[in-house]
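Peer 1: Handing you a structure now.
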Amino acid sequence: MTYVVTENCIMCKYTDCVEVCPVDCFYEGENTLVIHPDECIDCGVCEPECPADAIRPDTEPDMEKWVEFNRKYSEQWPVITRKKDPMPGYAEMDGKPGKLDAYFSEAPGEGD
Ligand code: SF4
Ligand code: F3S
């Protein structure tokens with residue numbers, strides 16, 4: 001199994017998760033992060049660190065789409081291991097529905 005980043009990270013990107021990952025398997029896009037499913041060792045320590053509750057285990061229902069999403073972009077984006085400021089307007093965006101269709105950017109983030 002693996003953990004994955006899901007929709008509510010988009011436009012929030014708190015980055016609390018990256019500091020606790022023992023294998024540095026978070027990758028940064030312009031407005032969200034992803035986890036590389038083949039690098040994640042399923043330790044679970046990142047899940048409670050996310051203020052947006054965006055990190056889920058792939059054992060939950062309907063996670064296949066998110067595993068493929070995380071795999072695809074982790075192979076294109078730079079690694080991120082250090083916490084940075086969340087996105088501008090993160091508080092208003094936290095919990096907003098439809099963020100994947102409305103806001104997701106395929107552009108890479110800056111990484112570390
Ligand atoms: Fe990293 Fe563990 Fe989270 Fe996987 S579950 S991304 S290994 S902190
Ligand atoms: Fe995103 Fe949560 Fe990490 S909002 S950047 S998965 S702490």
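Here the Cβ of each residue, glycine as well, is placed from N, Cα and C on the backbone.
Those TrEMBL annotations? Automatic predictions, nothing curated.
Quick paste of what TrEMBL says about this protein:
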| type | residues | note |
| --- | --- | --- |
| DOMAIN | 1-30 | domain '4Fe-4S ferredoxin-type' |
| DOMAIN | 31-60 | domain '4Fe-4S ferredoxin-type' |
Peer 1: Write out how many residues of the domain '4Fe-4S ferredoxin-type' (31-60) are helix, how many strand and how many coil, based on DSSP.
Peer 2: 3 helix, 6 strand, 21 coil
Peer 1: Restricting to the domain '4Fe-4S ferredoxin-type' (31-60), what is the model's mean pLDDT?
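Peer 2: So the average pLDDT across the domain '4Fe-4S ferredoxin-type' (31-60) works out to 98.
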Peer 1: Tally of helix, strand and coil residues over the domain '4Fe-4S ferredoxin-type' (1-30) according to DSSP?
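Peer 2: Summed by class, the stretch gives 8 helix, 7 strand, 15 coil.
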